[in-house]
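Reproduced below are the annotations present in TrEMBL:
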- S12, H70, G146, F147, G148, G149, D176, G177, G178, G198, S199: substrate binding site (BINDING)
- H37, D39, H70, D176: divalent metal cation binding site (BINDING)
- D39: active site, proton acceptor (ACT_SITE)
- D176: active site, proton donor (ACT_SITE)
Amino acid sequence: MTFDRSVKIAPSILSADFADFGREIQAIEAQGADWIHVDVMDGHFVPNLTFGPPAVKAFRKHVKTVMDVHLMISPVDAYIDAYADAGTDILTAHVEAGPHSHRTMQAIRGAGMKSGIALNPGTPAEAVEHLLDLTDLVCVMTVNPGFGGQKFIDMTAKVKKLREMIGDRPVHIEIDGGVDPTTAPLVVAAGADVLVAGSAVFRGGSVENPAPYGENIRAIKASVAG
Ligand code: DX5
Ligand code: ZN
């Protein structure tokens with residue numbers, strides 16, 4: 001993975017058909033996804049449950065781009081090796097998930113993955129200031145995590161502040177929640193380069209009829225072009 005700040009679309013398979021993940025991943029990549037975003041939830045850190053390491057390892061066989069795994073779990077550290085073994089490229093943990101995010105970022109890199117740190121809407125940018133040399137990605141949540149299809153919460157000021165704090169370090173700013181062609185321009189103008197989108201990408205399409213996936217991805221890209 002080489003670092004670049006061009007805008008990337010990372011469809012969240014939380015909005016895919018849960019009985020058909022392999023073909024959904026193939027379809028969304030064929031339609032132009034840059035990364036595949038995998039939302040892991042534990043029913044404890046967030047009020048919803050999705051899947052764990054064995055499922056993520058099975059997804060990996062179908063991902064040709066970048067597998068971006070977003071852990072909404074607490075605690076994190078005991079599971080880091082399992083996500084490395086599952087073939088994760090970027091492993092993101094929440095700064096709110098425990099008192100030792102610094103150790104968690106070190107451990108993720110130590111296990112051979114890129115590290116990411118996520119912030120809930122109620123958490124200020126300063127909470128990750130001392131992690132920026134240990135992280136490859138900051139994920140700014142623009143919904144309270146747990147569910148797809150929620151309304152975008154404007155975090156533009158936080159994104160701008162993070163962009164300044166990051167300076168010329170090779171750290172991505174990812175936006176997660178409520179991203180669509182109306183909200184994407186706000187966060188890209190503020191300095192984001194990775195846009196997670198679930199409902200806005202998967203709506204209207206299916207494995208049998210994947211063309212709308214491509215139209216939806218292109219609509220988000222067009223909204224931030226130039
Ligand atoms: C929310 C997840 C998101 C979610 C985004 O907890 O982290 O990745 O799936 O879904 P949309 O794009 O529908 O808001
Ligand atoms: Zn996510």
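Each residue, glycine too, has its Cβ placed from N, Cα and C.
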In the three-state scheme derived from DSSP, which category covers S199 (substrate binding site)?
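It is helical.
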Just name the winner among S12, S199 (the binding-site residues) by count of other CB atoms within 10 A of its CB.
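Its Cβ has the most other Cβ atoms within 10 Å: S12.
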So among G146, G148, D176, S199, all listed as binding-site residues, which is physically nearest to H37 (divalent metal cation binding site)? Use the C-alpha atoms.
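The answer is D176.
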Name the residues of the same chain, 6+ apart in sequence, whose Cβ is under 8 Å from the Cβ of H70 (divalent metal cation binding site)?
H37, V38, D39, V40, T92, G116, A118, C139, D176, V196
Beyond the listed site residues H37, D39, H70, D176, identify every same-chain residue whose Cβ lies within 8 Å of the center of their Cβ atoms for the divalent metal cation site.
A10, S12, L14, V38, D68, V69, T92, C139, V196
Ligand 2: which of the binding-site residues D39, H70, G148, D176, G178 have a Cβ closer than 6 angstroms to it?
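Only D39, H70, D176 qualify.
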Let me know the most crowded of the binding-site residues, choosing from G146, G148, G178 and counting other Cβ atoms within 10 Å.
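Answer returned by the neighbour count: G178.
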What is the number of other Cβ atoms found within 10 Å of the Cβ of D176 (substrate binding site)?
24
Taking DSSP as the reference, which of helix, strand or coil describes H37 (divalent metal cation binding site)?
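DSSP assigns H37 (divalent metal cation binding site) to strand.
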